[in-house]
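Visitor: Take this structure, written in structure tokens, and hold onto it; I'll ask about it next.
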Amino acid sequence: MDKLSTKHLLGIKDLSREDIELIFQTAEEFKDVINRPIKKVPSLRDITIANVFFENSTRTKLSFELAEKRLSADVINFSSSSSSVKKGETLLDTVNNILSMKVDMIVMRHSSPGAPHFLSKHIDANIVNAGDGTHEHPTQALLDTFSIREKLGNVEGKKVAIIGDILHSRVALSNIFALQKLGAEVMVCGPITLLPKYIDTLGIKVELDVRKALEWCDVANILRIQLERQHIKYFPSLREYSLYYGVNKKLLDSLNKEITIMHPGPINRGVELSSDVADSDHAIILDQVENGVAVRMAVLYLLASVSK
Amino acid sequence: MQKRLLLGHPQLAITIGRLCQQLIENHQNFENTVLLGLQPRGIFLAERIKEKLLELTNSNIQLGYLDATFYRDDFRRRDNPVRANETKIDFLVENKKVVLIDDVFFTGRTVRAALDAMHAFGRPSKVELLVLVKRKYSSHLPIFPDYVGKQVNTIESQRVLVEWKHQKGVEEDNVWLINKED
């Protein structure tokens, strides 16, 4: 199979394992391309892509924009803070206006879960979900699993612990789906207040003690405490969170095993992850960022080929 | 599926030998020459050429694999997209004489894409094209091979298949002309 089974990338949930493996194989070739002196290929030269960001983002937006430019696509950027959305325009109107300027693909981030799914029912262009509220962030999960595969050779059979604010994390949900599809064992770990109620239905392990989670896993994906989404108090203080759930060198050294450390960024240094771990050889945080561009190139490239 | 043998393995060995002699005639000691096999199927021929030249001239010529998938002009126009393959070139082609190698020459579009793809690795002083089988009168572009193993008359619906001995399920080197079923 050389084609994705879907026209949009709305979530990992809709992808098959074959889709994910095709994306990985293509991403490997793009990783090779972006490490050459000439980092650009002409594949998408006849395509225009709009990056529509209704919510703040640095890394994801830069990564998508770079991926689009390295594929020679024309790129337009839109962020809600400086647009007519503030004047009361609806999502569908905004996007239809952008599309009437002959745009072929939309990369969208939105604070409402399901916003890209809604859009996909009403418009023709390919849609890539760049994060919808607390729901899914598929390209992040793809680059995370791609990075695990690169570091450990395979995802199947590996034990991956996702630690931190699971309740507010779209990265967690997408990662769980991706890891399960690729045959990894998944555990989530965090304070009980930051674990979603339905977590038992996903068929994953749940652990409240971070030390036990680390003793179990091969890879620890440590998530940020999303204070901007926490409208009530979920734990007494950041200091207390850091004391009970923060991952630091002392804790890792006491385990007597090697764990690969991941973080989707941005890191709150000293809260969920200490600097001596984030900057250590076990951390593949910057590899994740590099792989992000290659994986997004693969996604855009493959989606473009199913649009006709 | 009907198929007809174009080149059997004894003739194929002779043809590869002749192509190598032609290369020697034009490149003498291969000091400044590199070989680039085109993915996915040209790399097998390129490996054979490299081996044979080592045997004949004792010169170990650098060989790379070039994949032109991302440079194709028929992307988004095909029903079945081409899957990308590995590009493996551990040298620069800057000021080198490059011999591009593919198994079958048909429309010339793969070669055009390969010329684009190659420029990411430098500006060669000269580029030549070597193919095992050239399908006559089928080029869409003003691109023609410099070294040709065998020319054949074909119609559009036919396909040329080159099989190499080390591939799975293949017993000996053969080149077939295949009629696609209607």
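Cβ from N, Cα, C; glycine included.
Pulled these from TrEMBL:
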- A:R59, A:T60, A:R109, A:H137, A:Q140, A:G265, A:P266: carbamoyl phosphate binding site (BINDING)
- A:K87, A:R170, A:R224: L-aspartate binding site (BINDING)
- A:7-150: domain 'Aspartate/ornithine carbamoyltransferase carbamoyl-P binding' (DOMAIN)
- A:156-303: domain 'Aspartate/ornithine carbamoyltransferase Asp/Orn-binding' (DOMAIN)
Visitor: Same-chain residues six or more away whose CB lies under 8 A from the CB of A:H137 (carbamoyl phosphate binding site)?
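Guide: Non-local contacts for A:H137 (carbamoyl phosphate binding site): A:T60, A:N129, A:A130, A:G131, A:R170, A:V171, A:S174, A:P264.
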Visitor: Please report the number of other Cβ atoms within 10 Å of the Cβ of A:R59 (carbamoyl phosphate binding site).
Guide: 14
Visitor: A:R109 (carbamoyl phosphate binding site) has how many other Cβ neighbours within 10 Å of its own Cβ?
Guide: 26
Visitor: These are the binding-site residues: A:K87, A:R170, A:R224. Which one scores highest on other Cβ atoms within 10 Å?
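Guide: The residue with the densest Cβ neighbourhood is A:R170.
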Visitor: Quick check for the class: what is the C-alpha distance, in angstrom and rounded, between A:K87 (L-aspartate binding site) and A:Q140 (carbamoyl phosphate binding site)?
Guide: 31
Visitor: Measure the Cβ-based neighbour count of A:T60 (carbamoyl phosphate binding site), defined as the other Cβ atoms within 10 Å of its Cβ.
Guide: 23
Visitor: What is the separation, in Å, between the Cα atoms of A:Q140 (carbamoyl phosphate binding site) and A:R224 (L-aspartate binding site)?
Guide: 14
Visitor: A:P266 (carbamoyl phosphate binding site) to A:R224 (L-aspartate binding site): how many Å between their Cα atoms?
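Guide: Their Cα atoms are separated by 7 Å.
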Visitor: Going by a 10 angstroms cut-off between Cβ atoms, which of the binding-site residues A:G265, A:P266 has the sparsest surroundings?
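Guide: Fewest other Cβ atoms within 10 Å, among the binding-site residues A:G265, A:P266, is found for A:P266.
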Visitor: Give the three-state DSSP assignment (helix, strand or coil) for A:R109 (carbamoyl phosphate binding site).
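Guide: Reduced to three states, the DSSP call for A:R109 (carbamoyl phosphate binding site) is strand.
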